[in-house]
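Straight from TrEMBL, the features:
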DOMAIN    29-502  domain 'Amine oxidase'
BINDING   30, 50, 51, 246  FAD binding site
């Protein structure tokens, strides 16, 4: 009969992955999908470390206004066909099948005849003119996303390309055309998570792949968190530790008597975890602020450059709950069209040279206020970039007062004071520092996304026979070439890195006849 130690040795020899220790840093969708995939594959030593006091990361489902959910973070599923998150939600019965307002809940840029557009003069704009401009704008952005731009636009910003094309259109001669076009650019900033479209590359958007089937954000009573919970349910007790911010990751450790594993993860509270592999799933915004001090030895230049070059912007929501509905029942949104909005090229260029004066007009970056599914007396405003970050520094009461003042000024309606004001603060969140990724002008997005995703040690370093492979792996939406900015991109990269480890151990397992 074999001794216990001999049995354990034989077991590890037959299944090397069962002895492998993997630490996952971050419990967002990428971290949870990585951990869940590894557990399902038979990995027995998985530890997920989450800095915040809750799992989910940039998924943040709350219930501040009663029984129904409010999403402070991720809001919708980008496309349905071949979208693993949509399929997961469908399989788990997490989709709300009702239609109507639920299908366009807080969806920026989804202009319908039920959107009321107002100029500063309180004049409501004709639906047909608004639709013409918005349709033309949509066609221009589609050409960028489908890589159909003429060569002369290859080095331009998205804002510059759009302005040049619009100036040649007869719509530019319409009384309200240029102002509605500026609103379109402001709305697009929400999709790009940028301070301005003049800071986004036009040509690099062609690498993003939009899945077919439209946006679907009619999630059921559990909201987006229900998707994260589905992944959490796959983890064994104790696998997730919240309130465990990671201070440093020491990799390429030499084997010593007291440890044989190549990576040491040290938490801010002093807790230490030794690992064979670490999957880092923290947001790009956090890496921009902390990567230099977080890794020992330092990250390779290619990865450090990718962290610096890729853009990472802030998108925030402002929820206003009123005691009673004051807007018409056929109104799906109140859109604000400024005489001189922040995405007007002259206004933008002037703001770049005037120091901090733009802070006095931060509210102009708000596109409008949309109705919210299952909340008949709630409106949601969207704001992006540096203006969003400035808003986060203000008291919610002040933000609510500014929003009500704008609604009254543009519409002329009798707008009451809100009963509650709630806003997200993703730029201020120390373990996130923003919302999602975008490609700035002059950046080779494919190269940078790929460099950010590359595991350590790099192939050139792994040639050293002493270096254990796949010590530090990277996942998250910023590491996906085609699905950056999206929840399904984050989810898929977690699975990608888990599969990388599964394949590594499958290749190393002995074969028995």
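Just so it is clear, glycine is given a Cβ too, placed from its N, Cα and C backbone atoms.
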Env. residues of FAD site, Cβ within 8 Å of mean position of 30, 50, 51, 246 Cβ: 24, 25, 26, 27, 28, 31, 48, 49, 52, 57, 244, 245, 281, 282, 431
For the binding-site residues 51, 246, the one whose C-beta sees the most other C-beta atoms within 10 angstroms: 246
For residue 30 (FAD binding site), nearby residues of its own chain (Cβ under 8 Å, 6 or more apart in sequence): 57, 281, 475, 476, 477, 490, 491, 493, 494
Neighbourhood of residue 50 (FAD binding site), C-beta criterion under 8 angstroms, separation at least six: 26, 27, 31, 57, 240, 241, 242, 243, 244
